[in-house]
Structure formats: C-alpha cells, structure tokens
C-alpha cells in the first residue's frame, strides 16, 4: 500500500510464520478494529488493520474528504485490509474489507474460504464471492475448477460444501458451489475482479 511506504511489517527467515506478513516495524503501531462496531479487538480476532507511524503518509494534498475517510481522529490510517495480530506479534492479512461477505450479521473473508478450498485434493482453482439465496440474503458462494472434471469420482457441490464446513466456523460455510472451466484472470494471472459477484 503506497500510503504505508516503505513498510509496516517485516519478517526474517528464522522468525517467520507461514502466512504471516511478519512483525511490526519499530516505531509503528497497529490497531485491529471490528468492521461492524469500530471497537478495537484483542489478539487473534479478525478486523480491519489500522496503522500509525513515521512512514505513514501525512495525508492527501488538498483533499480533506479523502483524508477524513482514510484516517481516524487519532491519526491511524485505515488500510481496508482484514486481518489479525497473533499472541507473538505476527500480523496476518486475510482479505480486503470491501470483499467481505456479510452473512447473517457475520463478516466472512472470501480469501479464508479460498485457502480452505485450495487444500481440497480435487480442486485446481477457486474463487469465493457474494452470492444470494432465495430470500435475497448474501451468502458465501464458491466457483470451483476441478482437476479432473470428467472423473467418475469427482466431488459434488455438496461434497465441497461439506469439506469447507469441516474446516471453518458454522457461519463461514460455503452455501453454494458452481463448477466452471476456469477462473478468469488478467495478463498478470490475477483474478478478474473477484469473478462475477454472485
């Protein structure tokens, strides 16, 4: 993130944790804030990551509205990233706040579901988005590319949903699965804007 130039986290080879962005750079503060209430959260609780430190930008020139949107009253920069800090001070970034799926009052990070799905032995690729159920409520929906779609032992959508349910909290379960041939990607092999949203 340009506004946090040059860095807010670092990790040395002998102290890294898998999936972590590392520990905080000296003289840098981190808050993890609840997306719903705006309250600060303790270690190991997911929320929006907010940073303050000497490397954080001072603000956008001649744009008070943008500054009010990105900074808290006490000078922390809102990143729009969802993550947490663990008991050892390692920061984990899970997803972007604007990508969150709001399911029955809970925030569900698509990236977390994708991480679970990508560990399924029959899945080649996947993308989780906001879907809609018959009542018009947001639900976690997964687009899945199978490694062997013609195999007689390929999983069903229910098999995939059951697999995710075994690995996440009940409110985070994938509620719909759609099999597709490929996840659309741009020239850099990045997903095209989270596929089609539901």
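Each residue, glycine too, has its Cβ placed from N, Cα and C.
TrEMBL does not curate its annotations; it predicts them automatically.
Sequence annotations record features per position, and here TrEMBL assigns region 'Disordered' to 1-24. When Cβ-Cβ distances below 8 Å are used as the criterion, the region 'Disordered' (1-24) is approached by residues 30, 51, 53, 55-57, 70, 77, 79, 81, 83, 86, 88-93 of the same chain, each at least six residues removed from its ends.
DSSP assignment over the domain 'AMP-dependent synthetase/ligase' (1-60) gives 6 helix, 17 strand, 37 coil. The feature domain 'AMP-dependent synthetase/ligase' is assigned by TrEMBL to 1-60.
Summed and averaged per residue, pLDDT over the domain 'AMP-binding enzyme C-terminal' (112-187) gives 94. Under the heading domain 'AMP-binding enzyme C-terminal', TrEMBL lists 112-187.
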Quiz item: With DSSP, how much of the domain 'AMP-binding enzyme C-terminal' (112-187) is helix, how much strand and how much coil, in residues?
Solution: 18 helix, 24 strand, 34 coil
